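Pulled from Swiss-Prot:
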| type | residues | note |
| --- | --- | --- |
| TRANSMEM | 6-26 | transmembrane segment |
| TRANSMEM | 71-91 | transmembrane segment |
| TRANSMEM | 105-125 | transmembrane segment |
| TRANSMEM | 149-169 | transmembrane segment |
| TRANSMEM | 173-193 | transmembrane segment |
| TRANSMEM | 220-242 | transmembrane segment |
| TRANSMEM | 255-275 | transmembrane segment |
| TRANSMEM | 293-313 | transmembrane segment |
Amino acid sequence: MMLVELLSGVISCVCALLAVAFFTLLERKGLGYFQLRKGPNKVGLMGLPQPLADAVKLFTEELVKPTLVNVFPFLVCPAMSLFLALVLWILYNNYFVCSMGGLSMLLFLCVSSLGVYSVMGAGWFSNSKYALLGSVRAVAQSISYEVSMSLILMSCLLLVGSMSLSMIMKYQFFVWVAFVNFFMMLMWFVSCVAETHRAPFDFAEGESELVSGFNTEYGGVGFALLFMAEYGNILFMSVLVISLFFGGVVFVGVFGMGLCVMVSFVGWLFIWVRASYPRYRYDLLMYLIWKSYLPSVLSILMFLVVSVYILNG
């Protein structure tokens, strides 16, 4: 049984990495068409092998270690970031979800909150002012929006009465939580965009102020691992949006095609938002969470608590 669980987890991680590779191609092609150009189309048929060519290029580059970095933690942080991103995908390993019982969402909260340490370490151990300031911005942004994400998640758990992801999905077989909690769903999506440091909330970097942010000193393998972790988190958040608000179990169907279509649409929304909206201001981003989202989420959560208490007698 343990071997089956282990193999199932490994397969989940490998599939996630393959999805990340082709999601980067989708983003580059999509942004190209948004900007009235073709995007990558020279490698193979319509540019489809482009992610494989990029992987070969990045992983065969020389490992450059800047003079002032703390070498060991500098090299460990990207690997730690990717490891944490892949651990989240174990939630969608059927055997592991069953063995976790009612604690799968608790695992999500714990692992997702650990991601800020790898980002902070990547900037801190680079011993670069640009990288350090970028990591401080990224950590402040992540911690702020984790507050709203946790409270929104609590509202979903309150409606279902369980911390099990499989129970949340089964609960929505007849009615989606998105219909009951539509504004929470919108706030969750915006929080996911901010949590993954995506445009228009990409304040961890900035060409005119922070260069590339916390990954300024990374090249080759380190750069690849950091961005694989970022895109892995984007895809995981897309799956989680469908599971929490649109009853992911309903779409499983034949070979899970319905679920794949819905997740692809949410992933495309991340790209669409990046292509459509200008960069936000950092102070307005913080005002959005602390002065708008937090009071709204707390009010809705209190309303749900009172409603559930009254309905349960």
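Glycine too: its Cβ is placed from the backbone N, Cα and C atoms.
For the transmembrane segment (173-193), same-chain residues at least 6 beyond its ends with a Cβ under 8 Å from one of its own Cβ atoms are 145, 148-149, 152, 155-156, 159, 200-201, 237, 240-241, 244-247, 249-250, 266, 269-270, 273, 288-289, 293, 296-297, 300. Contact between the transmembrane segment (293-313) and the transmembrane segment (6-26) is not supported: fewer than 3 Cβ pairs lie under 8 Å, counting only residues 6 or more apart in sequence. Listed as Cβ neighbours of the transmembrane segment (149-169) (distance under 8 Å, sequence separation of 6 or more from its ends, same chain) are residues 91, 97-98, 100-106, 108-109, 177, 180-181, 184, 187-188, 191-192, 195, 243-245, 247-249, 294, 297-298, 300-301, 304-305, 308. Within the chain, the transmembrane segment (105-125) has long-range Cβ neighbours (under 8 A, six or more residues past its boundaries) at 69-70, 73-74, 76-78, 80-81, 84-85, 87-88, 91, 131-136, 138-139, 142-143, 146, 150, 153, 157, 163-165, 168, 195, 204, 213-215, 218, 226, 229, 233, 240.
Contact count against the transmembrane segment (71-91) (Cβ pairs under 8 Å) is highest for 220-242, out of 6-26, 220-242, 255-275.
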